[in-house]
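Heads up: the structure comes next, in structure tokens.
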Amino acid sequence: MTKTYHFIGIKGSGMSALALMLHQMGHKVQGSDVEKYYFTQRGLEQAGIQILPFDEKNITADVELIAGNAFRPDNNVEIAYADAQGYTYKRYHEFLGEFMKGFTSLGVAGAHGKTSTTGLLAHVMRNITDTSFLIGDGTGRGSANAQYFVFESDEYERHFAPYHPEYSIITNIDFDHPDYFTSLEDVFNAFNDYAKQVKNALFVFGEDEQLRRITANAPIYYYGLEDNNDFVAYDLKPSTSGSQFKVRHGEEELGEFQIPTFGKHNVMNATAVIANLYIAGFDLQLVAEHLKTFGGVKRRFTEKIVNDTVIIDDFAHHPTEIIATIDAARQKYPSKELVAIFQPHTFTRTIALLDEFADALNGADAVYLAQIYGSARETDNGQVKVEDLAAKINKKGGLVTVENTSPLLDHDNAVYVFMGAGDIQSYEYSFERLLSNLTNNVQ
């Protein structure tokens, strides 16, 4: 039976993906959000999904309401109206917990790498069998006939609490979201609770000391580079076109695999996918075939060339992610100067990880910083400024603004890596316009 769904905050990455998936399954879908452009809305518009401004007139008794987690009666007219009228609504994660019960579900959790790993798992599975999926880059695909459902499992505010998947990968555990989690132990406890809800098998990165502490009711399989793991990636051959490696499970050689992505972290993500699909009974020859054709996910090492200048856009907003992105860029462009342009995301994270951010960014050849992007969940109380981070960085560079990205032109034979979870893309677009104008003036 088809339903009509109204999404309150439809441009959110998870919300837009869910909207697309339900639309493709034959349901009527609409949603509301702020007017500001967000990268997820292109897919919604291409699908013909209506995006409305927030208005209580959108809330009627005949629609099923799905509300973004950031919206409350005190900051959203639609939530306030729904509460006043006695209309019920489900939060994104509550809806998802119910929805996945109709499938064999495969989750991907972890502090870092979950979007890329979810995208890789979904890509391989959809090319082998009918699969619905939700990826944290705003991509979703729904099929009424799908037996399998692949989804990204988010730890923030323990949103993964309603999820009970058949299988799950956990890529790592790290201290992040200091506006919610109080300590690394608090983060661990959240993941450990989630792990206990996995039904058939759990796949965790064995070189993460926190993940070695995980307990679960289902069997736990460790993957990694070291021999004490259940699934071991070895004979790694990185190149400027990707990575080649072999995997063994105990004494069994599972084969040689290739991925068109860069950095050791992506080899680990692929090993997790191989381990999960091997235990789930998939043909590894087919898995190997489709690993080769993975095109990546949005805002994860997304490359473009503007007038012979290489520009990379990445969502990295935690020190661990910055290190991985710089590592990947070095693998693909070993002879180029690596210029990092970073926008810190949230004041709480910047304060909590100031030294770690500096250490990570010092891995680049030059570092430019944008002003801190504050979250809607917090206020700037003046405790930290981007200049505090700049003072800890020992590479050439400085501060840039959207209006003036010309300092970035001081580099020859460079690859430019724009990183952040805020509006860092506006800085990237400004630099691209600058490059285009320079070329036009020369001609």
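Backbone N, Cα and C define each Cβ position, glycine as well.
For reference, Swiss-Prot has these:
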BINDING   G110, A111, H112, G113, K114, T115, S116  ATP binding site
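Here the features listed in Swiss-Prot are placed on the structure.
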{"residue": "G110", "record": "ATP binding site", "Cβ within 10 Å": "27"}
{"residue": "A111", "record": "ATP binding site", "Cβ within 10 Å": "21"}
{"residue": "H112", "record": "ATP binding site", "Cβ within 10 Å": "21"}
{"residue": "G113", "record": "ATP binding site", "Cβ within 10 Å": "23"}
{"residue": "K114", "record": "ATP binding site", "Cβ within 10 Å": "24"}
{"residue": "T115", "record": "ATP binding site", "Cβ within 10 Å": "23"}
{"residue": "S116", "record": "ATP binding site", "Cβ within 10 Å": "27"}
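Within 8 A of the CB centroid of the ATP site residues G110, A111, H112, G113, K114, T115, S116, the other residues of that chain are V108, T117, T171, N172, N269. The secondary structure of T115 (ATP binding site), as reduced to three states from DSSP, is helical.
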